[in-house]
Each structure stands twice: as C-alpha cells, then as structure tokens.
Number of protein chains: 2
Amino acid sequence: MTYLTENPALFEKFQPKIDAYNKDKEDQIKAFDADLVAKCEQLIPSAKVLDSEAVEGLDFLQQLLSKKDLQIVNEYTIKELVDKQVSGELSAVEIAQAYIRAAIVANYVTNYALQFLIPEALEQAKSLDKHLKDTGALVGPFHGVPISIKEQMCYKNKVTHASYVSYIDNVSEESSVSVDILMKLGAVCHVRTSQPQTIMHLDTWNNFIGRTRNPRSTKLSPGGSSGGESACVGMHASAIGHGSDIGGSIRAPAAFANLFGIRPTTKRISLLNGISGGKGQESVVAVQGPLARSIDELDYFMKAYLNEGKPWCYDPSAIPIPWREPSLPDVINIGILPTDNLVTPYPSITRGIRHVADVLSKDPRFNVIDLSDNWYSEEEMKDLYDTTLSLYTCDGNQVQLSMLEPSGEPILPLTKHFLEFGGGKTHSIYSNRMMNAKRDAAKVNIMNKYFNDLKLDLILTPTNVAPAEIPGESYYWGYTSLWNLVDYPNVVFPTGLKHDVEVDSKVPESLNSNEYEKKVWYNDDGSIRYNSKEYENAPIALQLTGKRFCDEDVVAATKIISELLNVRRT
Amino acid sequence: MTYLTENPALFEKFQPKIDAYNKDKEDQIKAFDADLVAKCEQLIPSAKVLDSEAVEGLDFLQQLLSKKDLQIVNEYTIKELVDKQVSGELSAVEIAQAYIRAAIVANYVTNYALQFLIPEALEQAKSLDKHLKDTGALVGPFHGVPISIKEQMCYKNKVTHASYVSYIDNVSEESSVSVDILMKLGAVCHVRTSQPQTIMHLDTWNNFIGRTRNPRSTKLSPGGSSGGESACVGMHASAIGHGSDIGGSIRAPAAFANLFGIRPTTKRISLLNGISGGKGQESVVAVQGPLARSIDELDYFMKAYLNEGKPWCYDPSAIPIPWREPSLPDVINIGILPTDNLVTPYPSITRGIRHVADVLSKDPRFNVIDLSDNWYSEEEMKDLYDTTLSLYTCDGNQVQLSMLEPSGEPILPLTKHFLEFGGGKTHSIYSNRMMNAKRDAAKVNIMNKYFNDLKLDLILTPTNVAPAEIPGESYYWGYTSLWNLVDYPNVVFPTGLKHDVEVDSKVPESLNSNEYEKKVWYNDDGSIRYNSKEYENAPIALQLTGKRFCDEDVVAATKIISELLNVRRT
C-alpha cells in the first residue's frame, strides 16, 4: 500500500544513484585498507545477527585494531590528542588513520556512515602535520582531532541529501558554518553520519542505508535523529560528534549509546547552511551540539567552538555569547522529576533517577528537591505535548512532503508516525501564532515557577521512557521535546547503570490512560508491550536542564555529578 | 461606507466608556493644577489652529512654566537630575511636579497622552525622597527620573488597551517587564502615551483621542507608532520615553520630532506583558527602546536598563548580553546610502545625508564609502519590501481583526493602508516559512556583502522619505522596516538641519515608476504630491545601522557624529 508521496516506480529510478552513492563508501574503505575490510567481513556477524542480538560493538574494535590504534581511539581525550601532536608523540595522520580504521569497523557493526571523507581527511591531516612542523603552532584547539558530522550539515563540493532521496544530486556550494568553524580550528572530518528520513525520528533509518544500530546492543536503536553520531562516537570512531536536535535528536542518541550530549540554548551554535524540512520554521527552533564520551570533552568542544570559532562572525543569527565560566552556587538546588505525569518511564529509568537522586542527596553540594507533587498535571502536559506535535506539522507537512515527493521514496513507519503528529493537520497562520503564544507562556511559567520561585538551579529528568528503543518504535518524544518547545538547555549524561533484565521487568501497577502512555506501554490489542528482555545492555542516562543561556552551569554540574557517579569517560 | 470590521452602532455603545476614560485625564490635571489648566486653555490655540499651522510647541512651555520648572525640564539631563537629588538641590517630588506640569502643557499642544498617572507619580516620588533621606542611597540609576511609557505596555491595575477600543475594560494584572524594571530602578512613570490604531501606522491616530501632533510643527505628524513618546519627549514632558518598533515605530517618531531613538537588536529589551496585534508573530520581531533628547541619555538608559535591570532574570526570551563598552576601530568605515533605490527621499533628506557625509569625510576618524552603486537594485528592494509587508499581514490580519471587531470601531485611513499591505492576503504556513527563509537569506547577505566583504562598521541612510509626514499620509516604511526584517540595530539622530521650504522645493528629475515611489511622490491623478511648504520646521534626522548586537558601537559612533554636527541636546 502506498502512502502520501510514495511512488515505487519513480523511486526505482533513484535506486542506481543510491547504489552509486553507497558504492563510494565501499571504494574508499577498500582503497584505504583492504586487509581490514576483509577481516571485518570475516569477523563481524551478518546484519541479520546484529539486528537480532544484543551485541556490544566495541568488542570488534578490540579484535580488529592494532594496539597503537586502540590506544589512540580508546584512551586519549581530545586534549590529549592535541597535546601529543605538540609533543611529537603522535601525528595528525596517525590519529586520522587510527580513527578511520575504527570508523570502518564501526560501520560494519552499526551501519552509521552515509559518506566517508577518507582521502580528504588524510590530506587534511597531512597538511596539519606540515603546519605544525613548519610553524611550531597548532591550527586551533581541534588540531588533528577526527570529528564526525551529521550528514545534513553541508560539506562543500559534496552531495548533501539530509536523507531525502530527492536530494541525491544536491552538491553543496559551501560547507555549513559549523563545519567550517570546526575545520578552521583544525578538526579532521572523516565521516558524515546518518540521520532518519525527514530527520524526524528518535531513531535512525532511511532509504539510503537502512537502519543504524546501537553500539551497546546492535539489535536496539541508536536513537535519532543524530543516531549516526551516537553510533560513531559510541564506537570510538570519532573523537567527538556533531549533531542536531529539534525534539531530542542529540539527547536520545547520546542516552541510548551511553554518551554525553548537549542541546544548547538555541542560536549559540550556528545552523547556517544545512538541509532539513524545517526551513523557515521558527516555532520550535533546532539546535546543533556535540555528543561526547566525557563531559570534559563536551565542555572543551563548546568552549573552543564558541570562543575561538565565534560563529556570530559568519552567521548573523548566532548570538554573540562566548562560553563563559560557570556560576553555580555553593549549594546547587536540583529538582528531581521521575515522571512528567504524561508517560511513565520504563523501570530502569525510574531506578536510574532514584539512584542519582540518592547519590546527590548525600552530597553537601546538592539540595535535592522532589518535583513529583509540584509538576504540571497530566492534562497540562498533554496540552503542551499536543502543542509541540502540532507545531512540528502545522504546515500540513507541506515542506516535508515537497522534499519527499520528487523521489517517491517509501515512507518509513516512524516517518508516518511523525507526519501524523497533531493529525498532520494544516493550521492557519493565526493558529500557529496562538500556539506560539502558548509556548511563550509555558516558557515564562517554567522560569517563574521553577527557577525563580522554587529557586532551582537545575532540573533532573529522564531523557526518554526507555533506556534505548526498539528500532522503529521510538514513539514518545515528550521528555526531550518539552525543552525544545520552551528552549531551556539540557545535558544528557550516563549514570553508569545499565538496564537489568530481571530487576527492571516489573510493569508499574498504575498507568495513565492517555494515548501517549498507551502507545508506549501497550500493544494495540491491550496487552502489555513492554518486555524487559529487549533492553539488555541498554545504558541508563538522564537529562539535566538549566536556566536559559546557562549552558555552562549545566555542563559544570554534570561534571560534579559524573564524578559522584564515577562516570569519567565511556 | 463601512469597512471590514466597522460597526457604527456597536461602536456607539463604547463611546461613553471612551469618554469616561478620557475624562479621567481632565480630572487628574485639574486636581493637580487647575490654574495651569486654565492658563493652557487660554493661551494655547485651538485644535483647529494647531492642526493647520506649523506651531513650535516648546514656545508654550516657555510661557507657561515657572523658571524653576523650566530649568528642570529643559536643562538637566537624566544624570544631572539624579545627581541633584543626591546633592539635595532637587527632590524627586519637585522634579515630578515640574515634569507633570510640562506634560499637561504638552498635551494641550500635541494631544499625546492616553493616561496620566499623576497621583501615582507623586506618591512614588515622595517615597523615593523618603528612601534617599532615610538610607542616603538612590533606588537606582533612574531615581526620581520621569519616564513616559507607550501605553501598550501593561501597567498593573490600570486599563491597557493598546488603542483597541475593544480593550477599554482590560485592566492589567501585572506591569510589563520593562515598566517594572524602570520603576525598580527608580523611574517615575507619570504618563502613558498614545499609539495609533493597530499600532501599525508610522503616525499616531486612534479612536480614543484622535491624532497626536508633532511638537516641531503641530500640523505635522509626530510619526508613529511611538508618536505619543516623540511628542512627549519632544515637548520636554518626560526626561526620556520608552517606545516600541516593528517597522519604524521608534525611529520615525524620533526623526520627526528631532530626537534620538534606538531600535536595538531584538530580544535585548524585554517585550513581555504588552498588548499588540503581533501576538505569536515572529517573522518580523518587535523591539522596545528609548527616545531621548541626547545620545548620552539614550546610552545612559540602555546601560542602566540592561546592566542593572537585567531583563533576562524576568523574561526567558531576553538575551543576557549586558550593555558593553563599544569596540569601534580607530577609523570607522561608514557606508552612505542616500536612497534605497526603491523610493527616492524628499530633497531635505537628500541634502541632510550629503551634509553629514561631507562632515564625516573631513574627519580622520571616518572612512566614508558611498554605497550608491553597491546597493540592491530597485527590483531586489521591491522584493524585500513586498516580503516585509506580506509578513506583517500574512495571517490575513486575523489577529488584528479579532481585536478590532468586538468594538466595531471606525477603521482609520492608515489602518486601512496597513491592513492592505501585501493585499492583506491570507498566506499558508508554508508560504510564511518560505518568506522567513528569504528574510534569513537577506540577513546573511547583508552581513557578508557589507559588514564582512566591504568591512563596513556602519551604514548611514535616511530614516524616512520625508523629514516628517503629513498626518494620515505616512505611506512608505521601507527605510526603517528593512532593518526590522533583517534585524540589524539602528540609531536615529538629528542632523541639526531643518527642512527649508525654498531650498528643498525641487522635485528630482528622474523618479522610479514603482508603486511605492508613486504613492510617495504623486497624487492619484498623476500630479506631483510633494509640496515643500508642508514640511516647514520639520527636522532632518538620519538613521545609522550597525552589526547585529553591536548596538553599543552604533551609539558610540552617534556620539562622535553628533559632536561633529554640534547636536548636543535637542
């Protein structure tokens, strides 16, 4: 059965182009290291096995990379990578080669890469080595650091399709401002990573390469829409990844792959020169931000990008606020919200947040405040969530459909889920404005109620109902999308805990009856959908939210919390 | 003939409420100083005379105020007013009384006041005096400084109607954030000033009090929509005024009344808790900002408001960037644009910009670059202006009409002019988004072309085609509205020159044939509309534009320019 813009005959004409696009990857990796490719094909199980078993991806890295390469990709932080080039211990080329090898292995395991940039990365690394040798100076704080980039961000003279098949011939005239900044600061971009069709799933699945796998359990979703990044960084295939987020697209992937991720306050990081279906849409504003293995590296990225990259010099919509010193009080008031009152999280998430609240309440630097009785009601949350979903689709999906239609590509299940947000109804501009006004009132209310009246510095919540989702089944966005709606900054961090198939098997006795709760907990026939066994190996991560523009404080607090949880680097 | 939402029978029912609302003003001024009121009625000509002659308003102040009051309202800057309270030379009550008397005289001349707050202002002044006496400390940088406020900004427990008759019973539960900030910093708010129907004329005319007059020539318009503020500040009836601007509404009034005005980069000054037809509209974002008699006072306001007021503590949409030290280079690259290529300014404006360019080119601190051959074409400007106008009305004016309809109030000519912007067409959200994308492209293009490639620090342009407009005939917004569309900050400043009926009488030989040029220069029958005699006494002011968020630099440069032009305080 075809749906909306689907046109199988038309799509068939695009298939050779998709094949050629994908073959370029094959060609690049074979040209780079045919031996490694052969070993990967021998050692790494078939897609069928990976898609059905809870395989930990890093095990293959361990088996396939040399000791030296493993040391580079596993052990050194961004700062150490840079320092070791200054000391002459490592060259940019050596680092690039190690990361490219990891990126190849990672792709066999998780299928996260849309486009490799191997020759470009090696060329760039070579020129960085020359620059350091000739001048004795680093190009910048990312000198020789391999960074993966979500594909929707344009890259000069390369195809940028943002997972829309109709864009398969779209060669970018210039790179996105953020890519330019990272490269000016010395970053080596060796791979452009996958995102889902329409870039609007909390999962990563498209008609170019199919689904991307979670590096912690290959049968699970890596989250989305920056799931290519979480798979890549989670496989140590890049030192840090750069993603984007309009409803949870940095945070869900970070959480699902046991990483740190930040959704900064909007307009701190430039969005200029990217492709998405959000063109001209400003009711819920997208952001870009990094996914990292440690909070220190995430901090390093933000500071370097803002203070040395100065995006406002290239993008007039970027706000000229540098990455400042944090200004947390001696005792941090942290509100804990175990459930948003709309959709009850799965047991491991509830266990995770209780654990962290418990740890924090024993530390004199934190004053823990339970928000359970102080949060918005189920009805109020439903209203806000309905508003968010309607804002995503209020043009009747006209922009999205105009990008899907020219290729007739198949509409994936989570694309359909997204296109039907708010009924997929075409609103009037008047209605859009009234929803904006409701959004603004919520933004003010959160400031007044929580940050001003209750004097909270931070709010700790789940990132998602599940520790990681079953592919094609990430339905509820509310834990992350609320913060896109009202635009308060968040950091997602691993708690150090994992889902426990036994401990986390119990379904709560009382569940809500709203449609979102039902979709998460029940099958259509009314039977319980939740099955603890599915989430084996999934990490438990939480979301920390701060005051607007106080991104630095959220990061600083995450450092303290991570130390208390003993999660240094994943 | 009725138009759209007009309903004379319905409107008639509101008339008694409007009368009662207006009678409150009469009662307040009589209760405060019946003698002054009697003298005003005796001395100041009738509305008929003022509406038809080029009367300078300040002459009446000179005749009606005591020497001491004149000294207070004419001679002392904000800083001096504050200092003289510290030294004990003046009390807040004395200052308030002097300004209230000026405000009464000013209202007879210019009809700018919607609501007086005389008892509140005196009470507040008394308590400020007590505070200073008791503690020896000022409440803040506006201690005892009388500030006028555009009425659309809510004032706690008072009616706020924003010139919509249907809002005549709308009592505000809280004050607007900016009013609260000013009062927390010690400001005394003694009067709320007029704005036009829909707040969308570059003129000031509504169904509550009729038209407001220009203090420099009472037969002319004071500009709008903050024309109540320009009349008030221009009559020395407040020490500084606080207005708002979405298409020129601070800048046209400032220019028409020989004042300084700033349209800051959006979201530096809070808009929270105001009433307008722009609810939820974010394609062209409104700003608030001051109108002042000197650039130093405007600078003082911005610094105090931002650095001590910290609007971001009360409004999550306000950006936490303090008022910083300017960072202009030793030699300022200033681009001069005598015409926008779409609508040719009237001769006095052209003379004014040539004069200023000439003065600046003789000063080593400026590198003057003529942009005449480097600006957008007529066609490109028309496209941008059409886009701007369509963005104002793209909801088919549904928000505006929903506010006009419940009272059936008469639709004024310039309201009709505004409602027909872009044909008053109802656009789809898709169309709105595509226009937003065009706006964003223009914003980037201006940065790249002028501020980055040409390395300009500032761009000097006309503020308006006319030095001040004939009431009901401010048609073209392009010189100001362009900068609302792309959101670069502007300061308007008086050049010290005035329109000269003889010198400025010549119609340019070649005019464009586009509809906007025609509307400005010609009557409907094709005869020339421009008549130099109409503009007797009108001041010549220009508009200086800077890089986004570099408002401080625009102010700093205006200080240098004003010194060179010998315009210290008007």
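Note that Cβ sites are derived from N, Cα and C of the backbone, with glycine treated the same way.
The structure displayed is predicted, hence computed values, not measured ones.
What TrEMBL records for B:94-554 is domain 'Amidase'. Summarising the annotation, TrEMBL assigns active site, charge relay system to B:Lys150, B:Ser225. Annotated substrate binding site per TrEMBL: B:Ile199, B:Ser225, B:Ile246, B:Gly247, B:Gly248, B:Ser249, in sequence order. Taken from TrEMBL, the feature active site, acyl-ester intermediate covers B:Ser249.
Locations of recorded TrEMBL features on the structure.
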{"residue": "B:Lys150", "record": "active site, charge relay system", "DSSP (3 states)": "strand"}
{"residue": "B:Ile199", "record": "substrate binding site", "DSSP (3 states)": "helix"}
{"residue": "B:Ser225", "record": "substrate binding site", "DSSP (3 states)": "coil"}
{"residue": "B:Ile246", "record": "substrate binding site", "DSSP (3 states)": "coil"}
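Residue density at B:Ser225 (substrate binding site): 35 other Cβ atoms are found within 10 A of its Cβ, drawing on all protein chains shown. In this model, the domain 'Amidase' (B:94-554) carries an average pLDDT of 98. Of all the binding-site residues listed here (B:Ile199, B:Ile246), it is B:Ile246 whose C-beta has the fewest other C-beta atoms within 10 angstroms. In this structure, the binding-site residues B:Gly247, B:Gly248 were compared by how many other Cβ atoms lie within 10 Å of their Cβ, and the smallest count belongs to B:Gly247.
A Cα-Cα distance of 15 Å separates B:Gly248 (substrate binding site) from B:Lys150 (active site, charge relay system).
Calculated from their C-alpha atoms, the gap between B:Ile246 (substrate binding site) and B:Lys150 (active site, charge relay system) amounts to 14 Å.
Sorted by the number of other CB atoms within 10 A, the recorded positions B:Lys150, B:Ser249 start with B:Lys150, the lowest. Within the set B:Ile199, B:Ser225, B:Ile246, B:Gly247, B:Gly248, B:Ser249 that the record links to substrate, no two Cα atoms are more than 11 Å apart, and one pair reaches that distance.
Proximity to B:Lys150 (active site, charge relay system), defined by a C-alpha to C-alpha distance within 10 angstroms, is shown by the following binding-site residues from B:Ser225, B:Gly247, B:Ser249: B:Ser225.
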